[in-house]
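Here's the structure we're looking at; comments come further down.
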Amino acid sequence: MIVSLTFHQTNNATLKHTIIPKQAPAPKPAEYISCIQSPRQVNSIEEFKKLHAQYIKLGLDCIKHNARELLVACALSNWGCMTYAKSIFLSLEEPKTFDFNILIKGHVDKEESKEALLLYQEMWERDVKPDNFTLPVVIKACVQLSATKEGKEVHGHATKLGFGSDPFVQNGFINFYGKCGEIEQACMVFDKLGSNQTIASWTSIIAVNSRAGLWTRCLELVASMTSRGLRVDESSLVSAVSSCAHLGSLDLGRSIHCYMVRNSKSLNVIMQTSLIDMYAQCGCIDKALQIFEPMKEKNIHTYGATISGLAWHGDGKRALKIFSRMIREGIYPNEAIYVGILSACSRAGLLEEGFKCFDQMRFEHQIVPNSQHYGCMVDLLARSGRLKEAYNLINNMPMGPTDSALRSLLGSCKIYRNVEFAEYAIQKLRELNACNSGDYVILSDIYAKESRYEEMARMRTEGFDQGLIQEPGFSEIEVKGNTYKFVSHDRSHPWSAELYEMLHQIEWQLRFERYKPDTSDVSSDVDEEEKRRLISAQSQKLAVAFGLLYTSPGTQIRIISNFRMGKECHRYMELVSQIFERTILVKDRNRFHCFKDGRCSCNNYW
């Protein structure tokens with residue numbers, strides 16, 4: 001036994017010695033660490049609490065490094081508990097910037113953004129300065145809360161602290177201003193970075209423009225990246241492909257697809273899904289399906305893009321087959337999927353199948369129909385001529401009549417020349433304060449077809465008095481990567497002479513097919529000759545004439561219009577496709593029409 005000699009002074013000043021057993025020296029805290037589990041190896045809050053208790057028992061929690069490891073694990077792990085993490089934080093004598101950063105990030109990751117901002121405020125109160133890791137997380141909290149005022153204050157702090165040129169910090173502000181709808185401010189932050197712009201900076205500003213629907217600007221930014229020799233990342237490529245889809249820029253979309261293939265070992269499901277959507281929206285549904293079919297991994301977004309694409313092309317039967325395959329593969333449909341499949345049934349006139357899907361959504365998959373689902377069902381009924389049932393459904397919608405459902409009914413009233421339900425639709429749109437110039441034009445056209453010219457004039461006057469100005473109809477065509485836009489009777493282009501000569505030649509050849517212009521949709525009370533003149537140079541006809549002039553024989557002609565195709569243009573395109581042996585693809589406001597060999601893919605149901 002180890003002994004120690006200890007002297008005790010007695011009252012009589014005599015010394016006595018006592019032999020006392022001496023304890024073995026206590027191990028240093030560092031010696032325990034090697035035999036104790038690391039906080040990073042814990043898999044649940046229960047395990048963590050046990051480990052924390054061991055740290056406290058052994059005094060390891062008093063060491064700053066260990067305390068921080070505990071804080072990081074509890075705050076940032078997917079099993080973490082912020083209340084418990086806060087208790088660890090409060091045990092720190094003088095928390096530093098790193099400690100605040102961990103707790104703030106933990107709150108933001110769990111979308112507890114108010115608590116994150118309160119901690120940020122506490123940092124300033126305790127004179128703990130934020131760093132370039134603090135600010136991006138705090139600005140993310142502002143985004144989650146849509147706290148524009150607070151975000152701008154944080155931006156001011158960043159500038160005062162000298163982070164005005166720090167790309168890691170400023171990229172957060174680009175996203176912040178973009179999500180707050182202040183696109184110009186986001187662009188200003190991006191431009192101020194100058195030579196400090198990183199690929200992440202470019203990705204952020206491209207995403208901002210994409211979310212804002214600034215598709216052309218988005219593509220310009222991607223082009224600037226490539227011209228500077230920067231590698232375009234996956235996120236920016238997806239934004240670029242999405243821009244091509246919305247603009248109908250097939251040639252550019254193909255080029256981006258090639259860039260993806262050249263610069264990626266393999267295309268992941270997000271990139272492939274974006275390509276499916278782009279090709280479908282640009283009219284190449286077969287190409288979209290060529291990408292879809294061999295995909296090894298498909299998610300709900302992949303199926304959604306494919307079903308919606310088939311819906312736009314009026315191929316309801318194939319959309320239903322893919323929908324069934326998705327369910328067989330165990331992918332649970334959501335609200336968006338059902339909007340796509342109901343829309344596909346509507347555009348293909350699949351009445352029975354549409355009601356079956358609607359019931360399946362409600363009863364089998366327990367999805368409560370929203371206004372879009374009801375709008376699809378109204379459209380399905382109204383297009384099929386069942387206007388009374390469509391009217392009843394509108395009146396029984398839980399959310400009440402919506403403008404989209406009422407417009408579906410109104411548009412079908414024009415086809416079936418039903419004044420009663422058209423007047424009802426207009427009245428309800430007025431009550432919703434949702435009437436636009438097109439609504440008045442449709443009802444006035446219905447009155448004109450019924451020779452009710454006084455009501456026709458009254459409707460047009462009413463729309464004019466309310467300051468409703470109809471957006472001019474236009475048609476666009478893409479030729480060799482450039483987009484050309486036309487309005488009816490357009491003579492603003494330098495090639496107008498050639499265009500109108502081509503129109504004359506087309507009509508001359510159509511006469512051999514006994515073509516007679518259909519002026520029944522012209523509501524004006526002018527004579528027949530003037531009606532023929534009005535329809536002779538419609539924007540879609542000018543676009544197809546341009547396509548015949550400036551594309552090679554056999555090339556598909558692709559036209560995008562911002563209005564619904566009329567009967568006259570539809571018949572015209574059918575004959576042009578037959579005589580000139582061209583496939584003509586027209587995307588109007590509602591769907592795609594593919595004209596080939598004198599027939600249209602819609603089978604005259606649109």
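Even glycines carry a Cβ here, placed using N, Cα and C.
What TrEMBL says about a protein is an automatic prediction, not a curated fact.
Here is what TrEMBL records for this protein:
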DOMAIN    515-606  domain 'DYW'
REPEAT    96-130  repeat 'PPR'
REPEAT    268-298  repeat 'PPR'
REPEAT    299-333  repeat 'PPR'
Ask   = What residues in the same chain, six or more past the boundaries of the repeat 'PPR' (96-130), come closer than 8 Å to it by Cβ-Cβ distance?
value = 68, 71-72, 74-76, 80, 82, 85-86, 89, 137-138, 140-142, 144-145, 147, 150, 154, 157, 161
Tally of residues which DSSP labels helix, strand or coil - the repeat 'PPR' (268-298) = 21 helix, 0 strand, 10 coil
Query = List, by number or range, the same-chain residues at least 6 past the repeat 'PPR' (268-298) whose CB is under 8 A from its CB atoms?
reply = 234, 237-238, 241-242, 244-246, 248-250, 253, 257, 260, 305-306, 308-310, 312-313, 315, 326, 329, 331, 558, 585, 587, 592, 594
Task = Could you tell me what the rest of the chain brings near the repeat 'PPR' (299-333), counting residues at least six beyond its ends with Cβ under 8 Å?
result = 269-270, 272-273, 276-277, 279-281, 283, 285, 288-289, 292, 340-341, 343-345, 347-350, 353, 357, 361, 365, 367, 587, 591-592, 594, 601-602, 605-606
Ask   = If you average the pLDDT over the repeat 'PPR' (299-333), what number do you get?
value = 97
Key: Secondary structure content of the repeat 'PPR' (96-130), with strand meaning DSSP E or B   = 26 helix, 0 strand, 9 coil
Three-state composition of the repeat 'PPR' (299-333), taking helix and strand from DSSP = 26 helix, 0 strand, 9 coil
Query = Counting each residue once, how many in the domain 'DYW' (515-606) are helix, strand and coil under DSSP?
reply = 34 helix, 16 strand, 42 coil
